[in-house]
Amino acid sequence: MKGVQFLVAFVVLALASSLASASDPSPLQDFCVAIEDYKNAVFVNGKFCKDPKLATPNDFFYSGLNIPRNTSNPVGSTVTPVNVDQIPGLNTLGVSLVRIDYAPYGQNAPHTHPRASEILFVQEGTLYVGFVTSNPDNKLFTKVLNKGDVFVFPIGLIHFQFNIGKYDAVAFAGLSSQNPGVITIANAVFGSDPAINPDFLARAFQLDVDVVKSLQEKFWWDSN
């Protein structure tokens, strides 16, 4: 339990020291459509605030991040988020946390966080991690991380983690948004609803259209 407490303190302090302003300066949702009738509207860039006089310690508390998660799934990993949905007191503070459990050779598939940078701390195991820069360079930055190592994924860039060890691995990550969002690349491209035109994808990825159709028929597991 002390290790988890140390980790949470480490991530929060790291984020706090790296950000001049902790609040989210950009939208906290994918889009915001204007509407005239407020009865059908939703509050954006956060959630409605409780009267501070009614706040309790439980509004700033979460328990159970020390519990290993089930990784028996196609990708061999499970992400446990601790964001504003789990801790209401995170609202407007611009930070959140996740625990990631990896089975041997499990992976957190290539994905992006459109609203957050990420700092990853390895508590147990050995991970091969990396991110790819934007066009035109598409440069790959990779590193093998061991217990106690830390790696940063810049906001919006495609990144991944792969447990290259024979044993379970555990990592914790801090993110610079209360709602960082996740776009898993394969899921978004080949598992969208409705499906993207396979002829278009075949040309875009320079694949045979039957290969694209086969990929679209798969069940794309979302570990996030």
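Start at 1 and count along the chain as shown; that gives each residue its number.
A Cβ is built for glycine as well, from the same backbone N, Cα and C atoms used for every other residue.
Quantities reported herein were computed from a predicted structural model and do not represent experimental measurements.
Feature annotations, reproduced from TrEMBL:
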- N108, H113, E118: oxalate binding site (BINDING)
- H111, H113, E118, H159: Mn(2+) binding site (BINDING)
- C32-C49: disulfide bond (DISULFID)
- 63-213: domain 'Cupin type-1' (DOMAIN)
- 1-22: signal peptide (SIGNAL)
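On the structure: features taken from TrEMBL.
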residue : record               : Cβ within 10 Å
C49     : disulfide bond       : 11
N108    : oxalate binding site : 28
H111    : Mn(2+) binding site  : 22
H113    : oxalate binding site : 24
E118    : oxalate binding site : 23
H159    : Mn(2+) binding site  : 22
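The Cβ centroid of H111, H113, E118, H159 marks the Mn(2+) site; residues of that chain outside this set whose Cβ lies within 8 Å of it are T112, A116, F131, F153, L157, I158, P180, V182, given in sequence order. Taking the centre of the Cβ atoms of N108, H113, E118 as the oxalate site, the nearby residues of that chain (Cβ within 8 Å, site residues left out) are V98, H111, T112, A116, L120, F153, H159, A173, L175, P180, V182. Cα of H113 (oxalate binding site) to Cα of H159 (Mn(2+) binding site): a span of 9 Å. The distance from the Cα of N108 (oxalate binding site) to the Cα of H159 (Mn(2+) binding site) comes to 9 Å. The shortest Cα-Cα distance between E118 (oxalate binding site) and any of the recorded positions C49, H111, H159 is the one to H159. A distance of 33 Å separates the Cα atom of C49 (disulfide bond) from that of H159 (Mn(2+) binding site).
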